[in-house]
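K.L.:
The structure's right below; bear with me while I get my questions together.
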């Protein structure tokens, strides 16, 4: 196959950051995607409707001229989030709220320390039709980092799903066979996003032959058996799994340091890399559902009407991109050859 035409895809999980970084990240995503679920872990975090609306305005201002890209805003849940916050956010057009266990990812220190305390908020979200997006890891210091996702499912996610069967839940950026099995066995109100890095890589790609900081993300890459479970899941074409890049930019100096930041900046190549994975799996016929249909259907939003075309054409991802502030950023898969290209 030399060409694939798809309904224009959406990215159901990414990080734009803020301020002048938006001048890089927003055009990178708008190049391919019609809509994106924008994570709220700024400093300070996006904890209410007013902050979400202001952030949306900053994103819209960074769109390329003529772009129809639409940011879909989210709320950052904290222990002080109230039912009124949820109602106001829904009224302002916020589509989802994000649950971060405290310390689980970049800028999550303000996040939730006692999940059961938020049950009244979850009940209101179900009532309002607002989705719950979950970074599914426990963060206690004694827990092995490779076991965080499995234990979160066992200790918290089962309880949330059983307690609130009408609440739509997305387990974000899943990394384990445990997550695949849980989502597959759960009701139609439970789904998951999967990143390109977790389909393409496993922990050997992070640690063998030297530490590779630009492959470091959270949740951390797992062993090959978990990677294969993710690949098998997307190859089935199940509507429970859909595209969420978790594209997360950090300046080169923040990644290449004694305590490097987590995140892979994949916006410039994500769809092409997903296509490469689906081709390897002999499942290119399943790519459109994963990239363009399943997420919109789960969110209860209309599918996009425009199309994009990928052509079989080799190109090399740049070694570095210069940010608006002049600092370099290393994109995901920098310097590597990709077999599919987005047709202009």
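Each Cβ is built from the backbone N, Cα and C atoms, and glycine gets one as well.
As annotated in Swiss-Prot:
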type	residues	note
ACT_SITE	246	active site
BINDING	13, 15, 98, 246	Zn(2+) 1 binding site
BINDING	15, 16, 17, 41, 135, 218, 250, 262	substrate binding site
BINDING	98, 135, 173	Zn(2+) 2 binding site
MOD_RES	98	N6-carboxylysine
K.L.:
By a simple count, how many Cβ atoms lie within 10 Å of the Cβ of residue 135 (substrate binding site), its own Cβ left out?
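P.N.:
Taking every protein chain into account, the count is 25.
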K.L.:
Between residue 98 (Zn(2+) 1 binding site) and residue 218 (substrate binding site), how far is it from one CA atom to the other, in Å?
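P.N.:
Between the Cα atoms of residue 98 (Zn(2+) 1 binding site) and residue 218 (substrate binding site), the distance comes to 15 Å.
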K.L.:
With residue 250 (substrate binding site) as the reference Cα, tell me which of the binding-site residues 13, 15, 173 is the closest one.
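P.N.:
Going through 13, 15, 173 one by one, the Cα closest to that of residue 250 (substrate binding site) is 15.
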K.L.:
Could you tally the C-beta atoms, other than its own, that fall within 10 angstroms of the C-beta of residue 17 (substrate binding site)?
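P.N.:
For residue 17 (substrate binding site), the 10 Å Cβ neighbour count is 21.
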K.L.:
Given the recorded positions 173, 218, 246, 262, find the one whose Cα is closest in space to the Cα of residue 13 (Zn(2+) 1 binding site).
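P.N.:
Comparing Cα positions, the closest of these recorded positions turns out to be 246.
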K.L.:
Could you state the whole-number distance in Å separating the C-alpha atoms of residue 41 (substrate binding site) and residue 173 (Zn(2+) 2 binding site)?
P.N.:
15
K.L.:
Kindly assign residue 246 (active site) to one of the three DSSP-derived states: helix, strand or coil.
P.N.:
coil
K.L.:
Taking Cα atoms as reference points, which of the recorded positions 135, 173, 246, 262 is nearest to residue 15 (Zn(2+) 1 binding site)?
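P.N.:
Answer for the nearest of the recorded positions: 246.
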K.L.:
What are the sequence-distant neighbours of residue 16 (substrate binding site), meaning same chain, six or more residues apart, C-beta distance under 8 angstroms?
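P.N.:
The list for residue 16 (substrate binding site) reads 22, 25, 26, 29, 36, 38, 39, 59, 71, given in order along the sequence.
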